[in-house]
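Okay, so here's the structure we're looking at.
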Amino acid sequence: MNNILFVCTGNICRSPTAEGIFKKILIEKGIEGSFNVDSAGTHPYYIGRKPDDRSVKEALLRGYDISNHIARKLENIDFFCFDFILAMDFKNIQHMKEICPYECFNKLKLLTHFSNLYKNFEVPDPYYGNCYGFKLVIDYIENACNGLVDYIGF
């Protein structure tokens with residue numbers, strides 16, 4: 001079982017989008033049973049809330065339904081439960097390193113590390129922007145998630 005955790009700041013825009021995209025890719029490839037996929041935020045701002053409406057809308061336009069996601073905060077146990085802990089930006093990585101046990105540092109990566117078009121770019125936070133930002137997020141995440149599946153070997 002491959003355990004994948006996507007992480008952003010509040011768990012209402014980027015990381016639930018990544019979770020939804022990755023899950024759909026797995027279903028399309030018929031390998032969803034080989035993965036445990038979740039997402040979390042580095043900060044507790046939106047615990048218990050649904051994703052941002054703009055994220056839901058743009059995801060649906062591209063065929064991804066993230067509307068049932070409930071935001072949660074990253075917990076210490078996550079560092080031991082997941083094989084890949086994939087951040088959307090460098091601030092997310094920095095926040096995680098502040099609480100991550102040293103022996104789990106190797107699990108922390110930028111999601112776009114697996115991208116062939118946006119390698120090691122930050123997935124921009126669209127929260128304070130317009131709909132274009134949410135579309136761009138999906139472009140970055142789709143490419144990186146496909147690269148992640150290839151990297152793992154499916």
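Just so you know, glycine gets a Cβ as well, placed from its N, Cα and C.
TrEMBL has this to say about the protein:
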DOMAIN    2-151  domain 'Phosphotyrosine protein phosphatase I'
ACT_SITE  CYS8  active site, nucleophile
ACT_SITE  ARG14  active site
ACT_SITE  ASP125  active site, proton donor
In the three-state DSSP scheme, ARG14 (active site) belongs to helix
Counting other CB atoms within 10 Å of each candidate's CB, the least crowded of the active-site residues CYS8, ASP125 is ASP125
For the residue listed as 'active site' and ASP125 (active site, proton donor), the CA-to-CA distance in whole Å is 7
Its residues classified by DSSP, the domain 'Phosphotyrosine protein phosphatase I' (2-151) shows 73 helix, 22 strand, 55 coil
Across every protein chain in view, the count of C-beta atoms other than its own within 10 A of the C-beta of the residue listed as 'active site' is 34
Averaging pLDDT over all residues of the domain 'Phosphotyrosine protein phosphatase I' (2-151) gives 98
Cα-Cα, the residue listed as 'active site, nucleophile' versus ASP125 (active site, proton donor), nearest Å, comes out at 9
